[in-house]
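Pulled from Swiss-Prot:
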- 112, 178, 193, 194, 211: alpha-D-glucose 1-phosphate binding site (BINDING)
């Protein structure tokens, strides 16, 4: 047998020797009030999932069953979701989804100071308990489908000590990401974090090669790198500190996302979204209602698991002639719609829409009640909101700007506290669990 074949890394051994760490402590400040009470990875998405379900499902589908989720900001709903929806792995076989909340292990006066510090503060557990050969580090707040085992194979085959996932993005958007340049072997030759003037790809003046915030490390090199950047004058961040270090050491390689993207549509397009703003969150949800969306959430070959609410079937009641009904929308379980119009929208579980109301291009989170004769257009309605009879949202943006929050692209966010203030009620009366 060919020696090159004999020396190829074994996928089963690689995933068995790998620990996954999902960074899920971020607040998501650009989502404003939508993440006031929940971490960004715990935010609802696609009718009956949460954002973190994509990273977790990618792990399970890739054969990676040793997972730690690092949490910090507003973690209660995220921890409950992990406990109720992701506790099915058999621990007797060494498989788990463990929760690693911020516990101020190194310094009693500080929480995690950055993405790299969140891993550094858990090194005692990682080294002493998990003892991995490789560590895969993921952001818990992106929407995509990816076979991480392919990235692991590429990492080992290249001889890298650190591999970063990358994707081609429009140059004007690249200032929000780490941007790199690579040679013909995919060795990274330059890396800059969130540049104001992103460098273009060779031969593609309008595109940049952006970091996806996905990293594979040889465990020993990760420990060494984290120890080297723990000085007070660093940002304790993978993009700002660890990537430049690996670049200078000559051990940093790139993994193009199109090598491991799963669930492409009929046109072969790849899909990866950072839903870090109100506009991108709204758009990513609305994208799902098209006939052939770029992201196929119905694909059973690469399923996105979660913890769907056990609800009764949704009910649609129409007894008025010429009443426009429901078209091009996603409707989760437990919804009640009576003589109302819904188009190009996403309704999460247990939403009620009363007679005469119209919903267009909107994202309605769980347990929202919409009164009679309401008009909702291009808006995001947060969980538990009760829209009073006759209210119009998204129709007069000048009026909405005095009551709610309006995004750069004119999407209106409505939360329970905003309506309470509008009605003169005490915001402190809110006591819902997310």
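Keep in mind that glycine also has a Cβ here, set from the backbone N, Cα and C atoms.
Of all residue pairs in the alpha-D-glucose 1-phosphate-binding list (112, 178, 193, 194, 211), the one with the greatest Cα separation is 22 Å apart. Using a 10 Å radius centred on the Cβ of residue 211 (alpha-D-glucose 1-phosphate binding site) and all shown protein chains, the other Cβ atoms total 24. Non-local neighbourhood of residue 112 (alpha-D-glucose 1-phosphate binding site): 25, 70, 72, 102, 118, 121, 236, each in the same chain, at least six residues away, with C-beta under 8 Å from its C-beta.
Shown in sequence order, 175, 176, 177, 178, 239 are the residues of the chain, 6+ apart in sequence, with a C-beta less than 8 angstroms from the C-beta of residue 194 (alpha-D-glucose 1-phosphate binding site). When other Cβ atoms within 10 Å of the Cβ of residue 193 (alpha-D-glucose 1-phosphate binding site) are tallied across all protein chains shown, the result is 17. Secondary structure at residue 193 (alpha-D-glucose 1-phosphate binding site), as computed by DSSP, is strand.
A strand conformation is recorded for residue 211 (alpha-D-glucose 1-phosphate binding site) in the three-state DSSP classification. The DSSP secondary structure for residue 178 (alpha-D-glucose 1-phosphate binding site) is strand.
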